Amino acid sequence: MSSELQTEIQEAVEKRRNFAIISHPDAGKTTLTEKLLLYGGAIHQAGAVKARRDQRKATSDWMEMEKQRGISITSTVLQFEYRNFQINLLDTPGHQDFSEDTYRTLAAADNAVMLIDAAKGLEPQTRKLFEVCRLRGLPIFTFINKLDRPTREPLELLDEIEQELGLKTYAVNWPIGTGDRFKGVFDRRHQGIHLFERRAHGSQQAQETAIKLGDPKIEAHLEQELYYQLKEELEILQELGGDLDLKELHDGQITPVFFGSAMTNFGVQLFLEAFLEYALQPEGRNSSVGVVDPTHPEFSGFVFKLQANMDPKHRDRVAFVRVCTGKFEKDMTVSHARTGKTVRLSRPQKLFAQDRESIEEAYGGDVIGLNNPGVFAIGDTIYSGTKLEYEGIPCFSPEIFAYLKNPNPSKFKQFQKGIQELREEGAIQIMYSTDDFKRDPILAAVGQLQFEVVQFRMLSEYGVETNLEPLPYSVARWVTGGWTALEKAGRIFNSMTVKDNWDRPVLLFKNEWNLNQVKADKPELGLSSTAPVGSGINE
């Protein structure tokens, strides 16, 4: 490789920053996402999810059902530039039923932003996703939102993060008042008070005024009580000691904390600028040949998401690929690790929710969209040059099950196509009965909303009305010993044997008690709550 290309790749990687936002539903994730895009210049007016009909719908919530319900139910990728940085924002589903889609997205992220509602503090979904981030060793940034509403005490919120998550905190900025007395934030990095004016309900960039702490002008903007309260709280923070150690941040041991109000733009720009300064740039990833650095000259990447019908006019399928190493170029030919085939990547796209534009090149840390004619699966590795495979993305145990029935035989082809494409993109897990007379697919999900989404999309995207027939099971376990172990075990009571989409045996149980009984009686089965997918499949 020429030294010019090496330098080009090195410089490109240094400019890349990518992150995913994790939160409990209704913490304001979609709003924060849009405000970051607003400050990044990617959009000029933010459309709040719960906005009136005459306002724009949220940019990141592009699927029809998302627009109707005002929730994020599929992950999207939003790319924009800010101050010479190329930012990939991996927007994730906020609803708890879609935690598996969030997990897949976190596999492609280098950093995570933990969004917390200032009135509620840590909530169950946030805790669950935090553990996933910790498992992956991601640096975690914290944005405490909705300071313009009644809140808990800021110091109490910091203490909760430290005590419950075992994560040290460092307040990068500090709120001045809360609720209707919220006046702005104090930036500890530059020792200045930032005062904001609300404008067009936060749909445009906020006008902000920065004043040094000892400036006499402060009296014109802050009540004396708030000013003295701020000084007192800053002294407490100082006494608590500690600085923001970037190594500790990158190792996932400390979280920088930012306060603000995404809806009214308070603190959003301060967060974005500090994030770009502190965040981890793309790093090396584990593979079958060891850790591979993003500046490695040969291109490689992995598929972390598939999406059907992003453009309803063309009924397309797109594979979301995280570029890991080297330089991606349009029309390049790559190897597909799972099948050994070569694939020409002729129509690469830059993604922005459902909007796309053609690209000529991409580097480590970028996310690109590739046309998927049924070749790619979640977890697949593509590469040029030396063969390698990245770690697979696990598939988690579903908790509710139902037969999906097609009452209209004339829609058989559309029904089969819809099931195949929704299964491929990971919208739902599909299983089948081992009884050849029962041909209906079994939907396996972590929550009821996933069933509703599948039925909605089958109708709106494939024109097929469907019926659900619930099954009385709540626990699924893959049989790691395979069909041979299952046959040797003989009859297994209080369970249903099904096969997943790769014909691997799965046992369904009505409850944990039945599961534990089988585990005790037949340990040779090797029951597992997760199964690898994509390149990690044990076929």
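Cβ coordinates come from backbone N, Cα and C, glycine included.
Annotation source Swiss-Prot lists domain 'tr-type G' at 14-283. Residues or ranges marked as GTP binding site in Swiss-Prot: 23-30, 91-95, 145-148.
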Let me check the 10 A CB neighbour count of Thr92 (GTP binding site). How many other CB atoms are there?
26
Between 0 and 100, where does the mean pLDDT of the domain 'tr-type G' (14-283) sit?
82
Surrounding CB atoms that lie within 10 Å of the CB of Ser23 (GTP binding site), all protein chains:
25
Which one, from the binding-site residues Asp26, Lys29, Leu147, has the smallest tally of other C-beta atoms lying within 10 Å of its C-beta?
Asp26
Which secondary structure state does DSSP assign to Lys29 (GTP binding site), in the simple three-class scheme?
helix
